[in-house]
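**Student:** Copied straight from TrEMBL:
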- 30-48: transmembrane segment (TRANSMEM)
- 38-501: domain 'Major facilitator superfamily (MFS) profile' (DOMAIN)
- 137-159: transmembrane segment (TRANSMEM)
- 165-193: transmembrane segment (TRANSMEM)
- 205-224: transmembrane segment (TRANSMEM)
- 230-250: transmembrane segment (TRANSMEM)
- 304-329: transmembrane segment (TRANSMEM)
- 349-370: transmembrane segment (TRANSMEM)
- 382-401: transmembrane segment (TRANSMEM)
- 407-432: transmembrane segment (TRANSMEM)
- 444-466: transmembrane segment (TRANSMEM)
- 478-497: transmembrane segment (TRANSMEM)
- 507-531: region 'Disordered' (REGION)
- 509-531: compositional bias 'Polar residues' (COMPBIAS)
Amino acid sequence: MSRNFDTVRKTPPGILIIRSIRGRDWSLSTYRYMVLLITFVAYTCYHASRKPSSIIKSVLDPEPKHLHKYPWPLGNVFINDEFRFRNKDRVTHQGWYPFNGKDGTSKLGEIDVAFLACYSMGMYVAGHLGDTLDLRLFLTFGMIGSGIFVGLFGIGYFWNVHAFWYFLVMQMIAGLFQATGWPSVVAVIGNWFGKRKRGLIMGIWNAHTSVGNISGSLLAASVLDCGWGWSFIVPGAFIAMGGVLVFLFLPAYPEDIGFPCPNDSAGGEVETQAPKGSIAEDDKVAVVPNGSGLRTSVGLHEACLIPGVIPFALCLFFSKLVAYTFLYWLPFYLSQTEIGGEYMSVKSAGNLSTLFDVGGIFGGIIAGYVSDRSRSRATTAASFMYAAIPSMLLYRAYGGVSKKLNILLMMIVGLFVNGPYALITTAVSADLGTHSSLRGNSRALATVTAIIDGTGSIGAALGPLLTGFLSTKGWDSVFLMLMICALIAGLLLSRLVKAEIAEKINKRMPSSSEQHSHKATASQPLLSNQR
């Protein structure tokens, strides 16, 4: 059932200050660039705060097997000498209890799945709330709350906490707060931008995922020598400061600051005065009164009935399973795998793992651009998932030959794995959230995004959990699981791929018929003259 919410929102205080200083307002194009930047920073903070657990796995691991005396690739930037576990930091060679027993690796997997399970369950609730509440305040609340509980996980080090339930609870609550992020930022972007070039714009914008992973890895690694607790506290403070930025400067809807909304069909239509080809270019948009808007929020069931939501949600289940397995376990895998005849330290492995996300940045941009040009979201996503299978096989088989080859293959895997993941969670979610069946109702954006990404997050929770168990039997089992999941992800879009191909064929057929008709008409006078 749908409900009507007459929401009255205020202009962000930071924008009011800027207006008073400048004496005039910014243009619509400037505000759109600002929204892109702030939401980019916001979700960069979210992902940065998720990365520490993957960096400190080998510190907490009960039996760190190998130490490497030549940190690579960043040399002494983060490591002054050969990495070793130091008694003065209360981290010994046995690791950190309760993760230093025989079931330590499984416990690390349980920590990951607890976080991601709460994240995925909270996503469905957060999506509906995002369509009914002020997105700016909702996002601020989620970011500051995430920062607090990510920091509390690290404070367990300084409090000398060794109770497994403490770390488990901190991760679970942090997962609930983290669920506020993705539906909110995608909804904000969808509110500010129409469908024109959405795939490319969101492909570039979605680089925040990889930038967040990279910055989170570097932040966590940079303070690891001071004690692993700092690896959580610093990213926690980072996301809390991001929440303050959102509160001060992010307008959730264009009408909140007196500009038209590109997704509303009600009201008068006006031409925007944006430069041709700019991100602000839209043909006609509706003028909505400043600070208010009557919008309808759809329920989960209604949103699920939108064509394409369920297939893409199921595809993302397996796609995100693959992506998050790399997110949480790649540093651990690198530290336990011989590369070029050497084993690298925990920090070096964390630094090297960031290159996977560099490849992911290019993957998201390429997938968005290709899907815009071909107008085939499903075909693009499926093609990337199929290509990820041989790339993962090659990485497992030849990634240990040398560091250079490992980097190359890792970036290729990141490109194909993160490409469809980025496309589905951004452009596809925004397209479906403003689907024509909603009759211009933009308040399904957060709900649809939550359904798709929430379902994907269930897979994200399952992947690291399975990896925790399968890795004890050998990494070949882990990569086999990932390749099977990538195959299933592509197959789940088969029906949509067929529909896209059929649509393109049908568009070409009328043009061919018209040509035959034109030829027949042109030949009639000639035949008459011959008679």
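Note: Cβ is positioned from N, Cα and C throughout, glycine not excepted.
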**Student:** At a threshold of under 8 Å on Cβ distances, which of 30-48, 137-159, 205-224, 349-370, 478-497 pairs most often with the transmembrane segment (165-193)?
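**Tutor:** So the stretch in question is 137-159.
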**Student:** Between the transmembrane segment (304-329) and the transmembrane segment (444-466), are there three or more CB pairs that fall under 8 A, provided the residues in each pair are separated by 6 or more in sequence?
**Tutor:** yes
**Student:** Averaged over the domain 'Major facilitator superfamily (MFS) profile' (38-501), what pLDDT does the predicted model reach?
**Tutor:** 80
**Student:** Using Cβ atoms only, state whether the transmembrane segment (205-224) and the transmembrane segment (230-250) have three or more pairs under 8 Å that are 6 or more apart in sequence.
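**Tutor:** Yes, these stretches are in contact.
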**Student:** Which residues of the chain, 6 or more past the ends of the transmembrane segment (349-370), have a CB below 8 A from one of its CBs?
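**Tutor:** Sequence-remote neighbours of the transmembrane segment (349-370) are 54-55, 58, 71-74, 78, 199-204, 206-207, 209-211, 213-214, 217-218, 220-221, 326, 330-332, 334-335, 380-381, 384, 403, 406-407, 410-420, 422-423, 426-427.
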**Student:** Who are the long-range neighbours of the transmembrane segment (382-401) in its own chain, taking Cβ under 8 Å and residues 6 or more past its ends?
**Tutor:** 315, 319, 322, 337-340, 363, 367, 409-410, 412-413, 415-417, 419-420, 423, 475-476, 479, 482-483, 486-487, 489-490, 493-494, 497
